[in-house]
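Only one structure is covered here, and it is reproduced in the block below.
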């Protein structure tokens, strides 16, 4: 497995985490929990952006592994 | 009129009357009644009982008596609500038995309490050693309330410096195989959500004996057929684990990469995930 596909896996996991966090933030009846989930979701989105940029770089370096 | 019919009529009307009097007097629990209220209650009951059987007794006499007794009780209730002094006169004050870990012998004597009785009351509160008690007071109702010394009190999450998820009451959404719409709406959810959640664990709502949803939307179900196993809600611990895994992944990438700037980015992101884990832990742990 190349580094690129590994990073893609992590990206997918993070996207699922972010989506879950968003659901929890919306579902939670407690304001405190809702805020914690929302802040974590924003953090995870930042990381997702970083990883997406990195995957772009990796694909430029190893064009043979391009695409999902 | 035959006597038994008179007894029947009397009993019926007195029961109805007493019912309304007790409604008016309020719903203080029996164990919380003061001694005086207790006596008044018994007396009213006694008068009512005698009145309903004894046909030689004039109804007007009995009713007057019941009304006077209840009126006095109501008056006392109103007055003791208004004035603190009156309250302590009628209901009595609490007496301090143990203060700063020392027994107040004079107060014991004043309340006719023997040392054995004090120890017995303490034991009923699961206190077997005098040394554990900081403060104990005999309430006006006759109960002993005990404050243990700080080191003997049960540990609370605050003592342990634990951060916990605030708990909101769960809503019961299915009972005996029937969907309850009102609690479902209270939880901000609908039937469509419930059906899809049930599909996830592979049951229909007719088979569900009891289902509750907690404040974060996690569903716990109990089926009629106890042989079928349903998964307990694990989405949250699962997510905590997957965040941990991502964090470890990022740290690994940081070590694997050759470029300094990329390593920095990975390390920063791993740090962010670490921070996220810390904030989420109290909410995702069970």
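Cβ from N, Cα, C; glycine included.
Just so it is clear, the model here is predicted, and its values are computed rather than measured.
Summarising the annotation, TrEMBL assigns transmembrane segment to B:7-26 (among others).
The transmembrane segment annotation in TrEMBL covers B:33-53 (among others).
Annotated transmembrane segment per TrEMBL: B:59-79 (among others), in sequence order. When Cβ-Cβ distances below 8 Å are used as the criterion, the transmembrane segment (B:59-79) is approached by residues 10, 17-18, 21, 24-26, 36-37, 40, 43-44, 47-48, 50-51, 86, 90 of the same chain, each at least six residues removed from its ends.
Look at TrEMBL and you will find B:82-214 tagged as domain 'YetF C-terminal'.
According to DSSP, the secondary structure content of the domain 'YetF C-terminal' (B:82-214) in residues is 51 helix, 31 strand, 51 coil.
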